[in-house]
Amino acid sequence: MFFNAVWIYGALALLIFGMATRQAALTALATLLLLTAGVSWLWNHFALHAVGYRRRLSAGRIFRGETITVEFELINRKLLPLAWIEAEDQVPERIEALDRRLAPSTNPTSRALPYLTSLRPYERVAWTATLRCPHRGAFTLGPSQLRSGDIFGFFSRTRTIADRDPILVYPRVPPLPELGLAPRAIFGDRRARRIALPDPLRTVGVRDYRPEDSFRHVHWKATARAGQPQVRVFEPTTSLQVGVFLNLDAEGQSWRAVDSEPLERAIEVAAAIAAGAAGERRPFGVYSNRLVGGSGQALRVPPGSGPAQLSRCLEGLAKLSAFATVDFPRHLRAETLSFPWGVTIVVVTATMAPALAATLEALRATGHQLVLVATEPIVPPAIRGLTVSNAERGVRSAE
């Protein structure tokens, strides 16, 4: 602000002195200063009155590495022109501006995107900016700040616009073959999986014992009542559900976050498998012991189908943080307790701790189909029927 209280009081004193001493030059100078200060103050007072500002995004959800176009608009809805007006938006520091220069900001987690122009009466000015999102996550664009003043530049005023636009950046979703993963190796033969299999968790009746029946399926109470061996009859099931479990623990330590690059790679592999399951038209869900940003809860998207299911999974993976409240093996055991028999469990991991190997062996014994996808070189456990895949080296199946 050029004019402050000292200038105003000085001009008043000069006016009084000039009038008292009848010095026309001093009186005229003081009058000119006071008139200029008054006009400037009034101009500044109404500068941001009836000024509209709008920001529009070409997309609110994109994939990592893609760009969005942001359209900005300033409208002066009054007769008073503005010799200068600056609009400044806050851009998260992890987002890049390709065609405009970002300036330092008072907010340590963002940078400023300024734009300086002038506005005639009732004029509208529009401009665009192209933003690139090289990082996964949930971001917000804004708030905005407008700054203007009088035509002489003596006064200025600021108005903050609290509106924010969310930007959700999904992880990259590479095709499974690009990762060296074959859909058939991950999800199995769809036609073969449609063969009805008995579900030992769903008993629908009993019948007489046959020589080929397993001794474990004998129903002892029914045997006592009938006086001859009776076995349980199980309900057939053709479960095609897929549960994708993402392990981001470092060497089995849930409190220790893995490095950024392996973490992002594992997330992308999980996203690719979820997209592959959607392409196979299978019910699928995504889980992780890591917390979803802003919720304080671990990632949990129960198996489902439909167009919105993949979006829900990608949104959860986009917001996934590097922090956890429980170790991955315990989380895996807890989440799979309610799974129906025969569900395919895909574990994406960069490490193999003894506790995880024991959990996988216990899950295989309950009749689940197990697929282990390694995003880093590991020594897989020797579990019969466990399909082991490397995201770069292809797939093999344990005998």
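Here the Cβ of each residue, glycine as well, is placed from N, Cα and C on the backbone.
Quantities reported herein were computed from a predicted structural model and do not represent experimental measurements.
What TrEMBL records for 206-320 is domain 'DUF58'. Per TrEMBL, the feature transmembrane segment maps to 34-53.
Per DSSP, the secondary structure of the domain 'DUF58' (206-320) breaks down as 42 helix, 42 strand, 31 coil. For the domain 'DUF58' (206-320), the model gives a mean pLDDT of 83.
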